[in-house]
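This is the structure I want to talk about, given as structure tokens.
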Amino acid sequence: MKSRSDSTIPSELPLPAGPAKTLRDFFWLLRAELFVLREEWFWYLLQASFVSLSYLAFLWFLIGPQAPSAAENLIVGSLVMSLSFAGMLSLGQHIGYLKELQAFDYYAALPLSKGAFVAALTTRGMLLSLPATLLIGFLAVVFFHVPFTGLSVLVLLLSAYAMAGFGAVIGFYSPTAQVASLLTQILQTVIIFFAPVYYPPSVLPEPLRLLAYLWPTTHSALALRGSLVGELDPGTLVTIAVLVLYCLVSLVLVPLRLDWRGRR
């Protein structure tokens with residue numbers, strides 16, 4: 001005779017803590033983030049693409065005809081701008097908004113890994129930055145004949161994650177959504193226009209040049225310029241390593257700061 005207690009045994013036991021559970025948490029959290037974007041994704045992509053393309057067109061009209069050799073710097077700058085706008089600025093404001101609504105109370109009730117949650121948010125920022133980046137890359141190849149390599153693609157992906165991680169750090173470390181919004185807008189200006197993004201590092205005064213090495217945009221632009229040459233020199237390897245470090249640091253610092261049940 002079959003015991004009645006057999007029917008009460010769950011058909012699927014929860015996964016124990018470990019890599020498998022973290023990956024599953026990451027998958028479902030990323031799916032939830034993308035589901036939230038189902039009605040707003042078009043405007044995110046339009047804004048990111050419009051800003052980057054506008055700067056590219058403006059600077060090309062301004063200096064392009066007089067200095068055709070500046071095309072590579074303009075393309076690199078526009079690519080970094082698109083990555084920073086969609087990854088750093090938008091994600092930092094989004095996380096600040098979630099904190100203001102105390103939306104993390106919902107996640108606190110679930111057996112989720114904080115690392116998986118942060119990774120899902122940074123992946124969201126990375127994915128939002130890719131369409132504008134691909135559009136600028138297409139224009140660079142067709143109209144400016146800029147040679148992209150496999151290394152360039154790797155640098156773009158690492159840069160997208162580094163920018164998103166930078167935005168996540170700002171969003172989680174900001175006390176309110178208003179502060180997160182103001183900080184991301186101020187830093188967006190600083191890390192784009194006061195860093196060697198649209199121009200080589202030699203243009204900057206020494207103090208600004210040293211400060212610029214703190215920003216992920218600097219290393220993204222330097223790595224992109226090195227990848228376009230097609231030679232993996234030591235300088236390019238160092239900048240790629242710094243981008244990887246930015247990605248790892250964001251996945252370590254943010255979970256330490258993340259307070260599920262508070263606005264801090």
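Glycine residues also receive a Cβ, built from the backbone N, Cα and C atoms like all the rest.
Curation plays no part in TrEMBL annotations; they are all automatic predictions.
According to TrEMBL, the domain 'ABC-2 type transporter transmembrane' annotation covers 26-227. Positions annotated as transmembrane segment by TrEMBL: 41-62, 74-96, 116-144, 151-173, 179-199, 236-256.
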For the transmembrane segment (179-199), which recorded stretch in the set 74-96, 116-144, 151-173 gives the largest number of Cβ pairs separated by under 8 Å?
74-96
How about long-range neighbours of the transmembrane segment (116-144): same chain, 6 or more residues beyond its ends, C-beta under 8 Å?
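Same-chain residues near the transmembrane segment (116-144) but 6 or more away: 22-23, 25-26, 29-30, 32-34, 37, 41, 44-45, 48-49, 52-53, 56, 71-72, 75, 78-79, 82-83, 85-88, 90-91, 94-95, 107, 156-157, 160-161, 163-165, 167-168, 247, 250-251, 254-255, 258.
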